[in-house]
Amino acid sequence: MIMDREPLVRFEHLTRRFGELAAVSDVSLDIRAGEVLALLGENGAGKSTLMKLLYGIHPPSAGRILLDGRESPIRGPADAMRNGIGMVFQHFSLLPALSVRDNLLAAWPATPAYIGRRSKRAARVLDRLSVIAPDIDPERRVDTLSVGEQQLVELCKVVNLEARVVILDEPTSVLTPAEAQRLYDFVLRLAAEGRAVVLITHKLADVEACADRIAVMRGGMLVADFAKGERTTAETVALMMGRPAATAEPAPDRFAGRPARLVLREITASAAGHVLKGISLEIAGGEVLGIAGVAGNGQTLLAEVVAGVEAPSGGDVLLDGESIARRGDEPHATPIGYIPEQPRDNAVVETMDLSANLRLRALAAGEADGAYDVAALIRRFNIAPSEPTRRAGTLSGGNLQKLVAARELGVPRPAVLACYPTMGLDLGAVGTVYEAMFAQAAAGAAVLWISEDLDDLLARAHRIAVMRGGAIVALVENDGTLTRDRLGAFMTGAPAEAAA
Amino acid sequence: MSAREGWITFAATLAAFLMLSAIFFLLLGKPPLEMGLSLVEFAFGDAYSLSETLAKASPILFCALAVAVPGRLGLISVGAEGQLYIGAITGTALVLGFPELPPLAMIPLMLAAAALGGAAWGLVPGLLRARLDINETIVTLILNYCAVLFASALVFGPWRDPANQGWPATAPFPPAAVPPAVDGKVHLGLLIGVLLALALHVFFTRGRAAVHIRILAGNRKVGRTFGLDFAFWVTALMATGGAIAGIGGIIEVAAIQGRLQPSISLGYGLTGFLVSWLARHRPLVILPIALLVGGLLAGSDALQLFAKVPAASATILEGLLFATALAVPGLIARWRRSDGN
């Protein structure tokens with residue numbers, strides 16, 4: 001493969017303003033064929049905006065973009081695709097009611113006009129899918145896929161466009177470790193084929209795994225651009241955050257046995273293709289119980305039953321001895337702090353402002369909302385933009401995640417249920433959320449924490465339960481001897497006797 | 001949107017509408033400026049024109065409010081037309097059943113009967129949506145046909161007044177059932193409509209119910225998590241919308257037509273639907289838009305008589321108004337985006 005020395009894309013002094021805010025400020029950067037460029041920075045650093053300028057979603061306010069050495073003709077996503085530039089967004093553009101295969105065909109330029117049941121030509125659309133996600137059945141409807149699987153389908157769709165430049169926006173934030181590894185391999189393969197890959201990320205793991213070059217952005221500006229290995233991890237983090245990284249990671253106090261506070265008793269339920277097969281757990285006040293597992297093994301349904309969004313078909317959820325499970329369709333307000341996955345869909349009213357969203361529980365209950373000091377919560381959880389009267393729908397995914405964490409963890413709760421509470425957050429915000437979560441435990445709350453990040457669970461949870469196929473397949477003390485591999489074995493189906 | 005941007009959008013919409021209407025009149029071979037001025041004069045020029053305008057605005061106002069009430073919860077009801085007919089039928093049933101009632105009892109009871117009928121007609125799609133998650137738009141659409149045909153069946157059949165010599169209509173309403181009016185067509189119903197709009201504005205902007213409805217409209221799942229009752233509000237708001245359209249129906253029959261006939265509505269349900277969406281379900285914005293559209297309809301009726309423009313002109317002008325009002329804000333937003341501001 002001949003490496004082209006001429007950059008495929010060159011940004012010259014690019015600036016993009018939104019009103020007063022300069023989201024991208026005087027950025028000059030090259031994107032070269034055959035290279036994986038990690039665009040690293042915290043939430044709101046301007047990474048996505050910079051790439052959206054290339055993709056034609058926003059025109060630049062100043063500066064210019066060169067494509068193959070000439071002024072870029074791109075005025076919108078359709079132009080971008082014609083010019084061989086593909087982008088995978090954090091929000092997907094898949095059609096949920098269609099199968100994976102039909103979704104790929106709908107976006108494929110080479111799709112034949114007539115597609116028979118066993119069309120050979122149409123089958124080629126699945127070639128890439130079998131490399132990047134061999135476990136996904138192409139006949140499955142997209143709405144039955146986990147978020148991680150959808151991400152891989154979306155990626156496959158973009159790669160099928162034969163893009164020369166593939167831009168991935170935070171691709172690993174919703175992937176399991178195994179899926180992420182497959183993605184890294186695939187990214188390296190794309191680069192080896194001579195494509196340019198831009199990986200927008202705030203995770204150092206992504207950079208370690210597959211970047212050739214690292215461009216760090218902060219506050220809309222490009223603060224560094226260097227080959228991997230030229231700087232240490234600590235230096236990179238300092239560049240990203242604008243200060244040296246905190247040394248101490250938040251972790252809960254060691255937990256001394258207290259009576260069970262949140263009790264899940266033989267819960268069975270079924271909804272939307274998922275089942276729970278008799279789940280029993282006891283979480284004591286002050287305890288942090290982690291639930292590990294590959295997404296799509298019933299975690300979402302379990303969370304919704306515990307939070308009273310769905311009614312169980314059998315069993316009960318008890319808080320301090322009282323049932324808090326939903327019965328039928330009677331109105332039911334959850335008494336526990338609840339951070340669901342995908343806050344935009346499940347936890348936020350986008351049409352209302354930040355202040356109302358932070359006070360939502362009180363507003364719904366018709367109570368005085370004195371417990372919620374809106375300004376203090378916004379400050380503590382560093383929600384940006386920070387005006388309390390701003391419509392929540394205008395916030396980025398990471399900031400909505402912070403908003404929900406602030407509402408659910410910012411005031412004392414008897415118990416907390418957190419599903420992937422740090423998804424899409426940068427390092428600073430991750431620390432804040434964990435601190436708040438463990439402060440709840442320290443104050444006596446029972447904390448149930450659903451996560452796919454095994455390292456985080458191993459570093460922080462008191463006990464870890466592993467969920468697979470709608471059941472708890474292992475429940476182990478996190479006593480320092482537990483390893484990633486052992487958990488991984490439970491997650492993928494190890495013999496039952498391996499459980500401690 | 002700032003107040004200034006709001007005014008710019010309003011001015012641009014008006015300008016686009018005037019331009020398109022001018023083209024329409026030119027195509028008819030009529031002088032546009034003269035036609036436009038006559039239209040305004042026929043709509044708002046004197047007391048008679050104004051009363052014609054208000055008479056047309058009244059059913060539009062009721063239908064728009066009937067759409068706005070479930071619309072606040074994010075529901076799309078197209079059922080105002082059918083609810084209007086059912087209200088007219090149940091109201092008429094009371095009048096035909098108890099023709100001897102004194103005016104003080106007759107009018108409130110007639111309005112209550114119409115409200116109940118309309119509410120029942122709205123309750124059906126409401127319950128189907130609340131309990132079985134059946135799409136309310138489709139059900140309300142289908143129920144419209146049922147209601148209109150039911151009214152026809154009644155006036156062609158059991159309710160036909162033999163004195164009409166075959167003309168399909170009920171007997172004329174007794175004087176006690178005709179709402180009091182000043183100056184011909186400016187009747188009690190209009191006052192009721194305006195008061196309803198004001199009451200709905202207060203209901204939807206103040207108090208706990210308003211917040212609950214906003215939360216459920218914005219994110220039903222969040223409302224469910226925090227104990228709000230979507231099923232209750234769907235049922236209640238669909239029934240309330242139906243009741244409002246029902247009152248509008250009996251008022252149209254009692255105050256304007258004097259008897260129940262097969263075609264009491266000139267597409268008021270659909271017009272009301274568009275008015276409500278144009279106003280984004282805000283009752284206080286519905287008031288002036290309903291008046292404007294009423295004026296347009298009344299004015300073009302007169303124009304048809306005096307300037308010999310085709311009868312369809314009213315519908316065409318109305319269509320141009322809605323099309324520009326829906327398209328111009330979008331075009332402006334798009335233009336602003338590409339302008340990089």
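The backbone N, Cα and C atoms fix where each Cβ goes, and this holds for glycine too.
TrEMBL labels come from automatic prediction, so no person has curated them.
Keep in mind it's a predicted model, so treat the numbers as computed, not measured.
Noted in TrEMBL for the protein shown:
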- B:7-28: transmembrane segment (TRANSMEM)
- B:57-75: transmembrane segment (TRANSMEM)
- B:82-99: transmembrane segment (TRANSMEM)
- B:105-126: transmembrane segment (TRANSMEM)
- B:138-159: transmembrane segment (TRANSMEM)
- B:186-205: transmembrane segment (TRANSMEM)
- B:226-251: transmembrane segment (TRANSMEM)
- B:263-279: transmembrane segment (TRANSMEM)
- B:286-306: transmembrane segment (TRANSMEM)
- B:312-333: transmembrane segment (TRANSMEM)
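For the transmembrane segment (B:7-28), same-chain residues at least 6 beyond its ends with a Cβ under 8 Å from one of its own Cβ atoms are 1, 35-36, 309-310, 313, 316-317, 320-321, 323-325, 327-329, 332. Sequence-distant contacts of the transmembrane segment (B:226-251), counting only residues of its own chain at least 6 positions beyond either end whose CB sits under 8 Å from a CB of the stretch, comprise 58-59, 61-63, 65-70, 72-73, 75, 77, 79-81, 83-92, 110-111, 113-123, 125-127, 129-131, 136, 179, 187-189, 192-193, 196, 212-213, 215-216, 220, 264-265, 268-269, 272. Comparison of B:57-75, B:82-99, B:105-126, B:138-159, B:186-205 by number of C-beta pairs under 8 angstroms to the transmembrane segment (B:263-279) places B:57-75 first.
Among B:57-75, B:82-99, B:105-126, B:138-159, B:186-205, B:57-75 has the largest number of CB pairs under 8 A with the transmembrane segment (B:286-306). Put simply, of B:57-75, B:82-99, B:105-126, B:138-159, the stretch with the most CB pairs closer than 8 A to the transmembrane segment (B:186-205) is B:57-75.
Ranked by number of Cβ pairs under 8 Å to the transmembrane segment (B:105-126), the listed stretches B:57-75, B:82-99, B:138-159 are led by B:82-99.
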